[in-house]
Amino acid sequence: MRMRVDVITTTDWLAPVIWEGTFDREALGKYYRKQNITVGLVVFAVGSLTDQYLDPFLRSASKFFMPGYKVIFYVMVDRFLQLPEMDYDPRHSFQIHLIGEERWWNNYDLMRMKLLGEHIQDHIRHEVDFLFSMSANLVFQSEFGVETLSMSVAQLHAWWYFRKTGDLPYERRPMSAAYIPFGLGDFYYAGTIVGGMPLRVLDLTQEYMKGVVLDAENGLNSTYEKYLNKYFFLNKPTKLLSPEYSWDPTFHTLRQVRSMKIAQYPID
């Protein structure tokens, strides 16, 4: 792990926080190439997300996501589509899974996590060594490589990373399954990217579903990101991705952000 003095590079529980300049890509490449790994990338695109974001997501991911490694792209869509015209890497394969529209109802995040868990159980866990699930409104700008791999990977929220811990928008209602008391909490994690070994991602989806169901039984609901933050509060991620890995280009680019890995665009 290389040092940077302008940012947090290690958590209190000794998990690395990945920023440009804190890792040796060449050394990591030598290690992972010997492992002959396959990495999965899941993206859900329904409705207007498909028209507006899916093509740039896939084109940029094909170029910058895990270059040099075997990748399976799992594209979850609510209607038939053709993959965009691009230069296809022979190490890449694409699985397009059609999701019936009736299954999305009025809670996109709930259905997304439910389906992600089902696909991990059914086949993904047998097909890849590491797995990422990402929002469709992301466009890769530079290499998203093996420096991001770990057992459990969380994405630091670009806006809230630079705020005081006491100001983080955790769920504060004690009755909610997503509750984190005032004075506790480490970071605020974004829902744009989660990753890790497939069974750890599966565990996240299952705990999220339990929290949603428990709250529904009590007449409560919370946001996907708040349940996600409760999960990582109880189950510390083993690697954190800095805001460079999901940066909103409408923000003023701070000096700490040396290399925007992924641009996150607002969903209309």
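Using N, Cα and C of the backbone, Cβ positions are placed for all residues, glycine too.
Taken from TrEMBL, the feature active site, nucleophile covers GLU225. Taking all protein chains in view, 20 other C-beta atoms sit within 10 angstroms of the C-beta of GLU225 (active site, nucleophile).
Note: PHE44 (UDP-N-acetyl-alpha-D-galactosamine binding site) has non-local neighbours MET76, VAL77, ILE99, ARG112, LEU115, LEU116, SER135, ALA136, i.e. same-chain residues 6+ apart with C-beta under 8 A of its own C-beta. Taken from TrEMBL, the feature UDP-N-acetyl-alpha-D-galactosamine binding site applies to PHE44, ALA45, VAL46.
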**Message:** If you count CB neighbours within 10 Å, which one among the binding-site residues ALA45, VAL46 has the smallest count?
**Reply:** VAL46
